[in-house]
């Protein structure tokens with residue numbers, strides 16, 4: 001055991017609020033930059049109350065859910081055409097019920113994967129596309145060549161397909177599962193996008209028009225499954241071929257899972273207000289946003305440890321990020337970073353009180369999470385956390401040096417550092433620690449494997465697209481857009497389009513990583529995909545994480561706070 005590990009295992013827990021009085025903090029009156037973040041719109045008294053006053057699921061609803069679950073299992077076991085089975089799987093997944101039917105879904109998809117005897121999907125655009133998407137999502141490889149039958153001799157998609165809106169929509173969604181170099185899928189995406197955009201306002205079926213509009217705003221593969229489930233439950237209710245058993249179970253299940261999440265939110269809110277970090281004026285106070293992100297990554301009730309530790313580490317991480325970005329001087333940040341590298345509180349007395357509070361909160365919470373993992377999972381994760389925190393803070397330190405030195409790095413250098421500074425290697429490692437098979441498996445995340453590299457790079461670039469206007473106004477660190485502008489002389493508009501193109505290309509690489517990263521299994525592969533989907537949710541239209549009163553508020557409220565009305569039973 002090295003010295004840092006020994007320190008972590010034996011260090012006493014320090015209550016930072018006993019040692020730091022923010023009201024009399026001597027560095028509070030100094031001329032320091034501020035994040036200018038607005039106060040949280042979420043009432044912390046209300047959030048804390050959710051620990052005991054969350055939505056209680058009645059016993060009769062629990063019994064009804066079990067009854068309906070049995071009926072759905074019967075559906076999976078009943079004889080049906082392959083396309084009908086695919087559509088059943090698709091609806092179950094989109095309704096958010098896949099965690100209840102993991103075995104049935106895998107068996108259904110694997111049987112369809114093996115059954116190529118008569119090519120039942122051949123020439124059927126919707127069937128071919130749905131089969132392609134669902135099997136690739138499940139980790140079963142289907143070649144892009146299955147779409148050649150819809151192309152002419154010059155490689156263009158047949159114009160007759162333009163009248164098949166349902167098929168075009170399925171083709172559009174399937175195209176986002178493509179890999180780098182799969183030109184047929186690139187053509188499919190361009191073709192389907194073009195003709196869906198021109199057709200959706202004239203679609204007679206309201207449910208189909210709603211689905212098309214929703215997909216064009218953001219493809220299914222890029223959406224957060226839990227948020228999508230809330231939207232799809234309402235959309236599915238309006239469809240002519242809606243299955244009432246599936247709909248009723250989806251509503252019950254959504255509320256049951258939400259009740260579990262609410263209790264966790266309440267307990268986490270109680271912890272957060274004891275840290276003192278919620279009182280720091282320069283930093284973001286975003287506990288509920290952090291929970292929403294953990295829920296995006298791992299909403300299944302069985303991932304409680306992953307969710308809670310991601311929120312705890314993530315909430316502290318956000319404050320550390322803001323300290324490096326806008327608060328600390330370069331000398332202070334160098335001392336902070338060296339203390340993290342030593343994983344020691346010995347030198348932090350030289351820091352101003354606010355940075356002492358932040359360091360001790362980080363130190364305490366990380367050791368506390370490590371002890372919880374030791375208790376619940378049976379292995380020592382603290383060395384893994386220390387490596388991740390050192391990597392994290394050194395990336396922040398480098399960005400601070402660029403800022404204080406007025407240096408604009410090349411885009412490639414910025415991106416390699418930025419994929420760490422975005423925080424997702426640390427957060428995904430936190431999630432991995434909560435589900436790893438054993439202690440030896442923790443070695444897989446250092447050095448950073450491709451799966452984490454590309455998911456984190458995507459989150460960095462998506463974040464940059466959404467936050468650059470606000471952060472430029474605050475005088476924050478550079479973003480990829482500015483690095484590209486500086487290196488090429490391009491306008492901001494051109495730079496934005498370039499970064500959007502890079503995002504699309506890196507999604508293709510990540511899609512392939514999900515097949516190539518054999519050292520990782522589910523659910524960690526999905527954790528990585530979902531982290532990027534969370535980035536799309538928070539940053540697709542601006543800074544929905546830092547600005548709490550934004551478009552994200554409605555979705556967060558519907559997913560975390562408001563249950564679905566059940567109506568008459």
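Using N, Cα and C of the backbone, Cβ positions are placed for all residues, glycine too.
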Among 270, 284, 372, 496, which is the one Swiss-Prot gives for the (2E)-geranyl diphosphate site where 321, 325, 460 also bind? 284
In Å, how large is the greatest distance between any two Cα atoms among 284, 321, 325, 460, the listed binders of (2E)-geranyl diphosphate? 18
Distance check, please: Cα of residue 460 ((2E)-geranyl diphosphate binding site) against Cα of residue 467 (Mg(2+) 3 binding site), rounded to an integer number of angstrom. 10
With an 8 Å cut-off on Cβ-Cβ distance and a minimum sequence separation of at least 6, pull the same-chain contacts of residue 467 (Mg(2+) 3 binding site), or say none. 479, 539, 542, 543, 546
Distance from residue 321 ((2E)-geranyl diphosphate binding site) back to residue 463 (Mg(2+) 3 binding site), taken between C-alpha atoms, in Å: 14
Could you give the number of helix, strand and coil residues in the motif 'DDXXD motif' (321-325) as assigned by DSSP? 5 helix, 0 strand, 0 coil
